[in-house]
Amino acid sequence: MVNTMKTKLLCVLLLCGAVFSLPRQETYRQLARGSRAYGVACRDEKTQMIYQQQESWLRPEVRSKRVEHCRCDRGLAQCHTVPVKSCSELRCFNGGTCWQAASFSDFVCQCPKGYTGKQCEVDTHATCYKDQGVTYRGTWSTSESGAQCINWNSNLLTRRTYNGRRSDAITLGLGNHNYCRNPDNNSKPWCYVIKASKFILEFCSVPVCSKATCGLRKYKEPQLHSTGGLFTDITSHPWQAAIFAQNRRSSGERFLCGGILISSCWVLTAAHCFQERYPPQHLRVVLGRTYRVKPGKEEQTFEVEKCIVHEEFDDDTYNNDIALLQLKSGSPQCAQESDSVRAICLPEANLQLPDWTECELSGYGKHKSSSPFYSEQLKEGHVRLYPSSRCTSKFLFNKTVTNNMLCAGDTRSGEIYPNVHDACQGDSGGPLVCMNDNHMTLLGIISWGVGCGEKDIPGVYTKVTNYLGWIRDNMRP
């Protein structure tokens, strides 16, 4: 009888142990059930895209011009050939051919070699990312921990801020795939992964490109001198932008200010250029132009999506004299890199170059303050960074100088150098760049000065290192 009781007690204890171990297994089973519920979706074996129950799509036949219409039915793709016609508007990127179903509005892109995705937006040859990877459109899909990324279109991400069903998903690089992206201007590409039954954000293991191209150029030694500087070619300053504004009371447009290309779709400039508060649709940005109004062979022109002026800009002292223009484009890429068009490198937050470091400025501004017109050709000037002790009101006729400003000027003197290099009216918003780690790097934005080319009086520039956070925050989608 005692042995029987012991046996029953042992069975009860074993049963209790099994019951108490259930929560861990149940968690796993919940995850497995979720996977099975997700499994009623369809995976297109040709494109590897995932579609939900009853969702339909078009797909091209790889070896023919036929197009199939497919529908997800209980986890299986049911497909049949449908007649198509050319799309009425441009929908495919990177040279893709667009076909639209004859009887309904859906479309499909036949992508050239090296590209895939709904709109040929995925670059299968992209093996690394540049800068922070905001424009990375490759196929890397593994996080730094080795986990596989979740498809951005997954129902599991519906309540997340960034998913493939956002209205601006294609612009952010999101869609029906699980490739690493950086839609929020983070420090590098990332994705969502499953860890301990939770969805978390993890950075990806995609490598950074070994050599950044920002700040590189094919410098041409200037041959002609001009008052205030030297005539130059755009290939010597490929980050230089020209900003134009529509005339308010007449047709046409006028040159407004200079600007600086800092990424494919963003131009940095001076806030004081927009004191008249031009709406974005009245602005135009030209890149790759040597002559101010004469079109160049390799120039690129863009309308403006956004004009962001620093919220604390002081139009009296010119403190916080900084603004951002977002270029308008139908794709994630705006400016195409070339010898004439290339972004400048932004500085590290702690970058401090030695006093009297030689730097360069460029712009289409006046030759001197009394000139009636702006320069017809791009000019460059060579100036040196002034010590902070020489960048004060005392040396600038009691004008206000804040910690958000820096000074630079031409320190050459004597009869050999009668032409003092300096910025002037019309150069505003342009760059002050210096060599750092073999790349030209943006130190300042041309802001204000006392006259133009006055001996021993420096020009004043917006100190870019003070605004890296502001730039980053405002470039976020």
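Keep in mind that glycine also has a Cβ here, set from the backbone N, Cα and C atoms.
Per Swiss-Prot, Cys42 makes its disulfide bond with Cys72 among Cys11, Cys72, Cys79. Between Cys120 and the candidates Cys111, Cys128, Swiss-Prot annotates a single disulfide bond, the one to Cys111. Here the candidates are Cys391, Cys407, Cys452, and Swiss-Prot names Cys452 as the disulfide partner of Cys424. Which of Cys109, Cys128, Cys191 pairs with Cys149 is settled by Swiss-Prot: its disulfide partner is Cys191.
DSSP gives Asp321 (active site, charge relay system) a coil state; it is part of no helix or strand. Cys204 (disulfide bond) falls within a strand segment according to DSSP. Of the listed disulfide-bonded residues, namely Cys109, Cys111, Cys209, Cys391, Cys407, the sparsest CB environment within 10 A is found at Cys209. Non-local neighbourhood of Asp321 (active site, charge relay system): Ala270, Ala271, His272, His310, Phe313, Ile445, Ser447, Trp448, Thr462, each in the same chain, at least six residues away, with C-beta under 8 Å from its C-beta. Across the domain 'Fibronectin type-I' (40-82), the model assigns an average pLDDT of 78. Non-local neighbours of the domain 'Fibronectin type-I' (40-82) in the same chain are 99, 101-103, 106-110, 116, 118, 151, 153-155, 176-177; each lies 6+ residues outside the stretch with a CB under 8 Å from one of its CB atoms. Cα to Cα, Cys265 (disulfide bond) and Asn185 (N-linked glycosylation site) are separated by 13 Å. Taking the Cα atom of each, Cys345 (disulfide bond) and Cys70 (disulfide bond) are about 47 angstrom apart.
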